[in-house]
């Protein structure tokens, strides 16, 4: 069986065939850099990191491009709040993004263009759309004429005529009144007083969000790419609009495969900054959740399915990782005792191509692993293979840790070295690598005062009921500083985890 991927565009799980044999071009929508990344971002970028690692492992040459949106209303708002420039906010959060992704073992993209660095390509693309009649300008703004693009809605399945009927009777604001159609969207926004702006044929202003990605895809990878990635929340309007812009300009298909990951849910709601129910990657790591525990937690669910963030789920992942980590570290810690050659870690960003073992059993296990990931990146199935592979290795590690000398003689008969080498190889495809012994947790977290936490949770609940969200956020931040992370659940309940 070859790799099969669920294509949002066709709504089918299809065999993957790249445009150019042996080469794969991938574009992934990046973050708007106004704040720290939360667990939802980790879910997305870990899923796509595994896709990239797997393709490389299977022998493909992969070009992976991921953008930064470094000019946006949210960035401007945050800059005003902090009384600093848009550039300062962007630079701070780009650096924080790299730190978070590096901590999680996510390979850095081959190229990471920024919107402000691609303005020539953006202006050129808008000009082409206007010249073809697919866009129109109004007093310094430029809009895409949705009704001129007959394929609009093919990704999301939305019927514009039906939605227009449902929208009839709405009171239009000033911008809506300027549009030819309510679903038309901005390609270029005229300058506003006090905001950064850039020159253009339509006057000073800045690009719309959607046009940025279309321009960067074309500039970095060409007019048609193999795979376009993003979260399910981007299907409409962002990715729908990307398709409309790009295909109206080039007359060619933008991407052959569209993959979308499911959301992280907290208390039955999508984790998001707008809802205030998010937990940053940094907070989780600082509070003692290991990077590999987070990877395992995320990969135990299929990338397209919703992922529920609960204390129980994190604790279960931590337990699972403890055993897997013991097996992965076996050959490094006990290489001399077992007379095994030391397994040196691969350089950052290096993925070895798959290589068959001289053991038939190992080759069967490798094939089970391949079968799982070939099935639309079934990471939970691949992890199950790792746990089966690790079982005797974990048992050996535990015996050696207890000083059981008989284990060495028995191991020689079992010939576990190829099994361990295979475990390290396959785990690397999922970005799972043995961690060094964890440092002791800060003293503040050694004793958890549960009564104090419950009182704080009760006070926070009262504050939220009174719509005093500032106080509720303050309580959450104070507990976070003490190493306690709150997790809101359905029914107004709140769980917590501690490092």
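Please read every residue number as a count from 1 along the shown chain.
Yeah, the Cβs are placed from backbone N, Cα and C, and that goes for glycine too.
Listed by Swiss-Prot as binding Zn(2+) are 29, 238, 242; the candidate from 84, 213 that the record includes in that site is 213. Here Swiss-Prot gives motif ''HIGH' region' for one range in the set 31-41, 42-52: that range is 31-41.
Swiss-Prot assigns the feature motif ''KMSKS' region' to one of the listed ranges (255-259, 260-264, 265-269, 270-274), namely 270-274. Same-chain neighbours of the motif ''KMSKS' region' (270-274): 35, 38-40, 233, 263-264, 309, counting only residues six or more beyond its ends whose CB sits under 8 Å from a CB of the stretch. Shown in sequence order, 27, 29, 67, 238, 242 are the residues of the chain, 6+ apart in sequence, with a C-beta less than 8 angstroms from the C-beta of residue 213 (Zn(2+) binding site). Neighbour count (other Cβ atoms within 10 Å of the Cβ, all protein chains): 17 for residue 238 (Zn(2+) binding site). Apart from 29, 213, 238, 242, the residues listed for Zn(2+), the same chain places the Cβ atoms of 209, 210, 212, 214, 228, 230, 234, 239, 241 within 8 Å of the centroid of those Cβ atoms. Break the motif ''KMSKS' region' (270-274) down by DSSP state and the numbers are 0 helix, 1 strand, 4 coil. Taking H, G and I as helix, E and B as strand and the rest as coil, DSSP gives the motif ''HIGH' region' (31-41) the counts 3 helix, 2 strand, 6 coil. If you draw a 10 Å sphere around the CB of residue 242 (Zn(2+) binding site), it holds 26 other CB atoms from the protein chains shown. Cβ packing within 10 Å was compared across the binding-site residues 29, 273, and the lowest neighbour count falls to 273.
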